[in-house]
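This report refers to the structure that appears directly beneath it.
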Amino acid sequence: MSGPILQIALPSPLRRLFDYRAPAGLRLDDLQVGLRVSVPFGNRQMVGVIAAISDQSSVPVGKLKRASELIDHSPLLPDSLWKLCSWTASYYQHGLGDTLSSALPVLLRRGEPAMARQDMLWQLLPGAYPEHPAISRAPKQKEAVQTLSRHPHGLSHALISQWGLTRDALESLERKGLAQRIHQSPHHTSEPQPLLKETPLSPNGEQQAALDAITAGDGFHAWLLEGVTGSGKTEVYLQAIQHCLQQQRQALVLIPEIGLTPQTLERFRRRFSVPVVILHSGLNDRERLDAWIAARDGEAGIVIGTRSAIFTPLARPGLIIVDEEHDLSYKQQEGLRYNARDLAVYRAHLEQVGLILGSATPSFESLHNVQRGRYQRLRLTQRAGNASPPTIQCLDIRSRPLEGGMSRPLIQLMGEHLRRGNQVLVFINRRGFAPTLMCHDCGWMAECRRCDARMTLHQSPAQLHCHHCGSQRAVDRCCPKCQSQDLRPIGAGTERTEEHLTECFPDFPILRIDRDTMARKQAMQSMLARIQSGAPCVLVGTQMLAKGHHFPDVTLVAILDADGGLFSADFRGPERMAQLIIQVAGRAGRANKPGQVLIQTHMAEHQLLLDLTEHDYDRFAERELAGRAAAQLPPYSFMALLRAESNSSAQTNQFLDEACTLAEQLIASLDIADVELLGPVPSPMERRAGRYRAQLLVQAGQRSILHQLLHHWLAALEQHPLARRVRWSIDVDPLDMF
Ligand code: ADP
Ligand code: ZN
Ligand code: ZN
């Protein structure tokens, strides 16, 4: 025998492990699953993780390469996280190596030691004092002793020069036995402090009932905290975390987008004295690793982060919270297409801890889990404090002229709110000036040359942009088809709305908030500061405005176009539309000023809108869910979407046709029922960035059957000769069907 064979997970798109011989000179006891190793791969070195140790390989031993060296001496991940990653890889049909790569901080992927940067501190030893005879002739050392005596917990080495000390002097003190160096992580807190830095609000009846339920639980339990915007969900999170910290456990909080919610994050730091680590995109690789380690080693009491934070290991997990659980950003849309909300459920189960899913507009998946008794629903129906809910009304715009996307009555109403000293928020889901540029004489429309899509007209600077592939070009001066010069922008985007508002309300600031104006760092912060000052103004913006913010002085929210979502080709269109309207509406009247919401629509009698005007998301959801059940759509069935794209539509289609045949054969040979193959069909936007796209949907009545098929199918697809010429991916539980 040739010694143990290591099966190594490497960051490769292939769904398989790679066999290597163990590094020279190591005994079997030195090897463990979960250790990182560096291995030769092609003509370079790669870092992988030992996924299994075996005594045989399908590769002849003589051909097996030897792993170069072990990087870790103990497994990188706690057992539960290793299980989470393995489960994620198999559930989403992704390679384990690539899954681990998504889960780990960059520096660990590159083979850095899994240790925090140590802050080195200098500290006096007992018996050191300025008049000590050993330093009577060394003024620098004397001074150093004086300075250190004022820092009983140690003085950071990084700061010594700022205190006028030198390394030489400190090292001399060390040799004389008067000072020592100590190491500790940057997240270390030296003295035990009272847990709370501020007094919690006293919970109202509903909050108390929710907290009683949550804190009574032990082991795994999932709660759906359904609370209208402003009902005090965050306060419930804070007090549930307090309970968790009192048990010496850690809390993990997932939020949709960090840049947009600085105020909420501040509330966690203001409340608790424990270290709070926030995993945000502004961290450099080193800071990210330090935060990861502070979480893994139990130094961080609270870990807050977006989607990928679900993979942060915790030494003493106690509670997982997913805020705005319906938010689409929890689903990764490329590579490893996981849903962090769903992984949170699995993880809470694995770690046997409580899970709170919070939302004003729960996803249908979660509501379905309540119906099935898997989650317990906790409701907060009243706004906390004195705030009352906004009134929601539809404004029928049939046959009314629109300017900048707005009707006359709306403009009038806005004027009234502004003159009373209040703020107005205008929501429009398109950025740019106009979604289309059209020839008034022949009907030609500006289209993207690389996509099956229209170009959006932008005004400052004047250009045509494709929002799908990012290409840009100069605005046509005349129609390329009929040479007419009468080219007109059709419809309105944020720029055009802003322009028209500036004409209507020259005396009030108009603040536009979209991806174009917020591209600069800090732009959002300074905009928020202006809004928080409370002076009357109009905010015009996209989705960005809908999330998480508190705008206490906004009394009118206008939704310019609600019709798009009502007749979407995606069966989730109405769910998304309702969630969006309620989220946007929730920005209004949060303090003591009553709020009003106006929805412009051509379909004022639509049932969805009627439900929303009565604040009845639950009734809307129940009706929609019944429709989904009747049509056997998720959450009553399970889907996976095989997407493919290539430079030639023939090749894309051939790959999917053959994939479809393969699947049919497998369904027959595995003898499974209740699975349907829908397609292949061209994607709704067939050509994007010059590539031809198509898709094949697999739908099954049972999750286990779907996975059984996927497992065999993907193994076969990977071997397919076309699989290397077509770019393809599998999306399990797709949220976006296009
Ligand atoms: P949500 O997260 O549901 O939007 P928040 O927790 O942010 O709601 O609460 C909304 C507002 O109500 C905040 O200003 C908060 O300080 C306040 N609030 C929450 N709970 C209470 C309470 N029990 N008593 C008084 N004010 C509260
Ligand atoms: Zn023309
Ligand atoms: Zn394009």
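Backbone N, Cα and C define each Cβ position, glycine as well.
According to TrEMBL, the feature region 'Disordered' maps to 178-204.
Taken from TrEMBL, the feature domain 'Helicase ATP-binding' covers 214-380. Summed and averaged per residue, pLDDT over the domain 'Helicase ATP-binding' (214-380) gives 92.
Under the heading Zn(2+) 1 binding site, TrEMBL lists C439, C442, C479, C482. Taking the Cβ of C442 (Zn(2+) 1 binding site) as reference, residues of its chain lying under 8 Å away and at least six apart in sequence are, in sequence order, C479, K481, C482, S484.
In three-state terms derived from DSSP, C451 (Zn(2+) 2 binding site) belongs to neither a helical nor a strand segment and is classed as coil. The annotation Zn(2+) 2 binding site is assigned in TrEMBL to C448, C451, C466, C469.
Summarising the annotation, TrEMBL assigns domain 'Helicase C-terminal' to 474-631.
Residue environment of C439 (Zn(2+) 1 binding site) contains 21 other Cβ atoms, counted within 10 Å of its Cβ in all protein chains.
A simple Cβ count within 10 Å picks out one of the binding-site residues C448, C451, C466, C469, C479 as the most packed, and that one is C448. Proximity of the binding-site residues (C439, C451, C469, C479) to ligand 3: a Cβ under 6 Å from the molecule is found for C451, C469. Surrounding the centroid of the Cβ atoms of C439, C442, C479, C482, where the record places Zn(2+) 1, the chain contributes additional residues within 8 Å, namely H440, D441, G443, W444, P480, K481, Q483, S484, D486, L487. All protein chains considered, the CB of C482 (Zn(2+) 1 binding site) has 12 other CB atoms within 10 Å.
Less than 6 Å separates the Cβ from ligand 2 in the case of C442, C479, drawn from the binding-site residues C442, C466, C469, C479 in sequence order.
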